[in-house]
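Novice: Input: one structure, supplied below.
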Amino acid sequence: MEGLRGGGHGEAAVDGGDERWVEDSSVDYQGRPPLRAATGSWKAAMFIILIEFSERLSYFGLATSLMIYLTKVLQEEMKFAAKNVNYWTSVTTLMPLVGGFLADGYLGRFSTVLFSTLIYLSGLILLAISQLSPRLKPERNLHLHETLFFVAIYLVSVGTGGHKPALESFGADQFDDGHAAERVQKMSYFNWWNCALCAGVLLGVTVIVYLQEKVGWGAAAVVLATVMAASLAVFLAGWRHYRYRVPEGSPLTPLVRVLVAAARKRHLHLPADANELYEVKPQNIKRRLLCHTDQLRFLDKAAVVEHDGGEERRGAWRLATVTQVEETKLVLAMVPIWVATLPFGITAAQVSTFFIKQGSVMDRRMGPHFTLPPASTFAMAAIGMIVAVAVYDKVLEPYLRRLTGGERGLSILKRIGVGIAFTIVAMAVAATVERRRLRSASPASMSVFWLVPQFLLMGIGDGFALVGLQEYFYDQVPDSMRSLGIGLYLSVIGAGSFLSSQLITAVDRVTSHGGGAAGWFGKDLNSSRLDLFYWLLACIGVANLVFYVVVATRYSYKTVMAGGKVVDDKAGDIECAAAAAAAAY
């Protein structure tokens, strides 16, 4: 197994490798190199996608009804309920940073999925108990019920913290980046992962929400716990088909070592030829090696070989490889991209809060005998996302591949940018619709289907931006921290929800002059100016889109060595041009 496999954007280069075996450092359930025909690919990914369906079914069955539950059952004011929903969403989507770190460095992704699913299941069971036990019902003891309710949903948050980053990256691990066919399959994997996700969302905001409305939250919680337990059993049934990654300790340690080594050698001069920087022989390791780039050149000093009395000075905290330096550059380069996508996270937070609340005060009758539950309006966003992902995967991307001659249609960052643009338009449409509702002689008689355009636009935006963010943070992080990368993607939504809460507080304080006058957020929607808040978000989005375009155009994608020979442990004589060209698509 001495062949070097270029992954990601470069073509695979195999020098004597055996196609029957996977050579990407993964192992099978017995700890051996995986046999390609028996493990991984879609045969394994389908087990994994199924449990994601059940998790999203549970999460959105709870999340989309949470605003209604807090205001109607727990009797919270609208702005306080919105803050509580945003705080819960923030914790739920920031916890994956912790879960991803543990999955990558210590527990492994399979074990993290198992343990976190059990925690998630315990939260659903406690939620069912708090709803079904007569002594714990809100009309009997509101304070105790409220306490147990929040404990239950925050257990779901903790479970999601390990489940989301580990499961998605574990699914992507089933495809070998160094194998051309599997690399293309992985691009489709992220698209169909999100279709399964949206299918779970769609049933969660229709069937589960209907159960909550017509039968009760207790019955809905029992159904969710049963489905989650069944999907866990299916997930465990596929264990022989999975490809596993052995955790190697903290994925952050190599990054810190590069920073320390660069600081220690800050007074040294960089060689004119980057080929003189230190790199290991690809034949000695199974990990993919990265090409040298000219960004953040000061970090290159970590790979400068020191000579003391004619002898080389080495050590993990003194000398880093070019690959380790480039991995550190990748992580640092992600910071401005992460910041530039936060306003997208803020707009996404409105769908499960104010969009749902709008639907609750509009005419939701569908015929003489059926009234649409408020949370079910979220189904329109899920439909928009399913359509966008399916059209992109089956129509747009194949066309763009033929047009450009590359493996990818739109580049990852362009796809995210298109999604952000759609969400800006969605905010403008939402503001226009809300203004019309407020000016209506009878706001409650306005049909809920006026909300269809803003939900669909947000769903289409998610189909571009969310899928792009997932792929970006999985693909562009170092291979050893891919679960943490998915955690970073989710943190965009979490931080966006938190910032949405802070923005609501700030806007309320400013527009109400510290509480002395009526502001944009009243006790209900009819006394609020939600249309102005939407316009504010649209303006923030436009300004941020300009910033995002500037940052994205300056970004350098990860380029993996595509082939060539290595001489004297240096990075020289390795052709990275092909990989860099492929990354540009």
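Placement of Cβ uses the backbone N, Cα and C atoms for every residue, glycine included.
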Novice: Which one of 144-162, 486-504 shows up in TrEMBL as transmembrane segment?
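Specialist: When 144-162, 486-504 are checked in TrEMBL, transmembrane segment belongs to 486-504.
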Novice: Could you check which of 67-90, 451-474 is flagged in TrEMBL as transmembrane segment?
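Specialist: Per TrEMBL, the stretch marked transmembrane segment is 451-474.
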Novice: Can you find at least 3 Cβ pairs under 8 Å between the transmembrane segment (375-392) and the transmembrane segment (532-551), where each pair is 6 or more residues apart in sequence?
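Specialist: Result for the transmembrane segment (375-392) with the transmembrane segment (532-551) is no.
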Novice: For the transmembrane segment (192-211) and the transmembrane segment (486-504), check the count of CB pairs under 8 Å (sequence separation 6 or more) and say whether it reaches 3 or more.
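Specialist: As far as Cβ distances go (cut-off 8 Å, pairs 6 or more apart), the transmembrane segment (192-211) and the transmembrane segment (486-504) do not touch.
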Novice: What average pLDDT is reported by the model for the domain 'Major facilitator superfamily (MFS) profile' (44-556)?
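Specialist: So the average pLDDT across the domain 'Major facilitator superfamily (MFS) profile' (44-556) works out to 88.
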